[in-house]
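Copied from Swiss-Prot, the annotated features are:
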CARBOHYD  ASN86  N-linked glycosylation site
CARBOHYD  ASN123  N-linked glycosylation site
SIGNAL    1-21  signal peptide
TOPO_DOM  22-159  topological domain 'Extracellular'
TOPO_DOM  181-216  topological domain 'Cytoplasmic'
TRANSMEM  160-180  transmembrane segment
Amino acid sequence: MKSNVFILIFILFSIINLSFANEQTKKPQQPQQQQQTTSPVNKLEAKLFAPNDAKFSSYRVKLRDINTFNEIVQIPTKDGIFSFVNMSNGLYSLEIESMQYNFPHFKVDVLGKNKIKVRPAENETSILPLPLQIKATHRIPFFQQHVPFSIFSLVQNPMAISVLFTCALIFLLPKMMSFIEQDEETKEALKASTPALVQQLPEWPTITQKQLENKE
């Protein structure tokens, strides 16, 4: 009898454990809501290309509305990638501000839903492919290059010209004054010698009118 009782207790205990385990493993099935993925409208993607020392995280990309002058500023990633989404229809200017390299400017024309045309600012006839690839044109010199000394640079400098002209006047004015003084002295000497020269001239006989009448 005792063995049968133990067997019944063991069976009941095992049944209770199995039922509890089944309840724990069962999960209520909840209806999964399907999320509709919507792609952004009027998305402009671009990537910057520059030498390896370029720090794209310090750059600023400005998208300016030409009509309203509103600006949208983006910071590129470390790889130089940036994007603008949900752009309204209109004409925009795209500029990249950098202290390292110079980048070209672009004009962005949003015509409608996912209809974007990008053109260079200097050549409005050519349309660029998307996603846009922007390459640096040249490096911006941070320090001004030292210009070597040259005599022609002195001649072209207005300050140097004024100094040289002043020195020339200081040197030439005394010469001119001495020349003028010598000229005045010669004039005075000529005036003083003029009466003596007149006196040295021979006296020609004068013929009076009476002598002329007598001769006739």
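A Cβ is built for glycine as well, from the same backbone N, Cα and C atoms used for every other residue.
Computed from a predicted structure; not experimentally measured.
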Using C-alpha atoms only, work out the spacing between ASN86 (N-linked glycosylation site) and ASN123 (N-linked glycosylation site) and round it to an integer in Å. 26
What is the number of residues in the topological domain 'Extracellular' (22-159) that are helix, strand and coil, as DSSP sees it? 15 helix, 50 strand, 73 coil
ASN123 (N-linked glycosylation site) CB neighbourhood, other CB atoms within 10 A: 10
Would you count the other C-beta atoms found within 10 angstroms of the C-beta of ASN86 (N-linked glycosylation site) for me? 8
